[in-house]
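Pulled from Swiss-Prot, these are the features on record:
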BINDING   Gly46, Glu47, Asn48, Gly49, Ala50, Gly51, Lys52, Ser53  ATP binding site
DOMAIN    14-249  domain 'ABC transporter 1'
DOMAIN    264-506  domain 'ABC transporter 2'
Amino acid sequence: MADITTEQQGEWLLEMKNISKSFPGVKALDNVNLNVRPHSIHALMGENGAGKSTLLKCLFGIYSKDAGSIIFQGQEVNFKNSKEALEQGVSMVHQELNLVLQRTVMDNMWLGRYPRKGMFVDHKKMYQDTKTIFDELDIDIDPRDKGATLSVSQMQIIEIAKAFSYDAKIVIMDEPTSSLTEKEVNHLFSIIRKLKARGCGIVYISHKMEEIFQLCDEITILRDGQWIATQPVEGLSMDQIIAMMVGRSLSQHFPDRISEPGEVMLEVRNLTSLRQPSIRDISFDLHQGEILGIAGLVGARRTDIVETLFGIREKSAGTIRLHGKNIKNSSANEAISHGFALVTEERRATGIYAFLDVGFNSLISNIRSYKNKMGLLNNTRMKSDIQWVINAMRVKTPGHSAHIGSLSGGNQQKVIIGRWLLTQPEILMLDEPTRGIDVGAKFEIYQLMTELAKRGKGIIIISSEMPELLGITDRILVMSNGQMVGMVNTKETSQNEILRLASLYL
C-alpha cells in the first residue's frame, strides 16, 4: 500500500522532518517523520521504547533535537517549552491529568489567564466563556463544580476543552481511554470528532487497536527510533500494523499453554473489607499452576480483593488459608513474608519511584534481604540481582543508573514485575498489568505468566481487556458492585456471558 504523500492529502498542518535525537549510548530517534494534516485524526503507534514520547518531547521543547526541522502552519518553529507551544496552538492531553482538584472546573480552564474586570477576576465572564465551550462540545459539566468531584473521564474531557479554549490547531492525546468505560469512550470520541470537524489535527497515541480502526484516518508507525510507515488506516489489518510495529509477524496474541492446575494453594472464604464501599463475602480457591482472572465493570471493586489479600486494605471478616494454614496478611510486609506479590494498577503513582534509577526500583520490594547482621548492604548481591532483572525481563535501558521515569511504560512494568520476582513469590497478583503497553511487551508478560504457572505459582490477574482474560486465564471470577457474581471456566464462557454477570447488581 502506498504511503500518504503531500500531493494526495494537501498541505500539512504539522511537519516533523528527519528528526534525530541521541542520548549517551542510545540513538532514540533516527530521521523520524510525522506529518499531520487538518481535519484528520492521525494515530502514532509503536512498541514502548519506539520513540513516540521522545519525538513529542522534541516538539514541545522538552528535548532539543539533534537534527531535523519542525514546521507548523507553514512556518518553521522551535518551541522552548510546552507553554509556548500551547500559546501557538499545539496542545497535549496527557495520561496523567493535571487538574487542580481543589479549584472549580472553570478555574482549571482559565488558570493563569483569568478574564479580568479592572483588578479583579471576572467570574461571570469566566463562567460564560466556559459554558459556551462546553455547549459547543456537548459537555454536560457544571463549570462551578470542584475538580475533586469529577470522574477520570470528565477530567480528560476538561483537558480537551482547555485545549479547545486555546484555539489549538494540533491536539495530541496520549492513551486517553486507558481508564474509561465504553460509554465514556464513546462520549470522548464524539468530542474528538468535533475537534476534527473544526479543522484540528489530532495525534492519537493508543495501544488499543480497535480504537485506531474506529477513530483514525492515518497512522504513522515507529520502531526502534526509526520511521517505518505513514499510511491510511483504511485497508490495513491489525496483523499488518503489528508486523510493522514489532518487525515480525505475530501469528498469535497469546502463548500456547497447557492448563495443568495442581492442588489448592490459597483458600479465601467470606472475605469482606473494612473500608467502605467494600467487597462482601468473597470466596474462591486458587490452585498451584492456575491463572485466575478477575473481571468486572468500573466500580466493581476488583482491586479491593487483591489489596485486601495483600494487607493494604483491612478485612472486617473472612479467612485466608495458604497451604491449609490460616494467615492474616494484616500488612503488606506480612503478605510478602507469606509469598504474596502485588503489581499495582497505577504504575506511575504506586509502582515506580520515577526520579530514582532502575537499580533502586529493581530492589525496593526486597531491600531488607540485602542487609547483614550489622545492617550493611551486600552490594555484590544487589548488583547481581539488578542485572538479573534487566536481563531476565529484557528491560531496554542504557543501564541500571538510568532514571526509571525515562523508560517506556512497558520497560517500567518489566522492572516492577522483575523486582517482585526477586522476592520469590508463590502468589503473584497483577492489576491491569498490560495497560498502556504495546503488543510485543504484552506477549512477553503473557509468556512470563505462563512460565510462572508452569512452575506451580498461583497467578491472579485483573484486567479490563476481555480478550486478555479469555486468552490467558483458566477461570474467571466475576465481580459486580463489590459482590462476587460468578466463577466461570474460561474455555466454557464468552465475553457476553461475563458482561451479563458483571451487570447483575448495577
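Our numbering is plain: 1 for the first residue shown, then up by one each step along the chain.
In case you wondered, yes, glycine gets a Cβ from its N, Cα and C as well.
Model, not experiment: these values are computed from the prediction.
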Ordered by sequence, the long-range same-chain Cβ contacts of Gly46 (ATP binding site) under 8 Å (at least 6 apart) are Lys52, Ile221, Leu222, Arg223, Ile228, Met245, Asp438
Counting across all protein chains, other CB atoms within 10 angstroms of the CB of Lys52 (ATP binding site) number 24
Same-chain shell around ATP excluding Gly46, Glu47, Asn48, Gly49, Ala50, Gly51, Lys52, Ser53, C-beta within 8 angstroms of the CB centroid, reads Thr54, Leu222, Ser408, Asp438
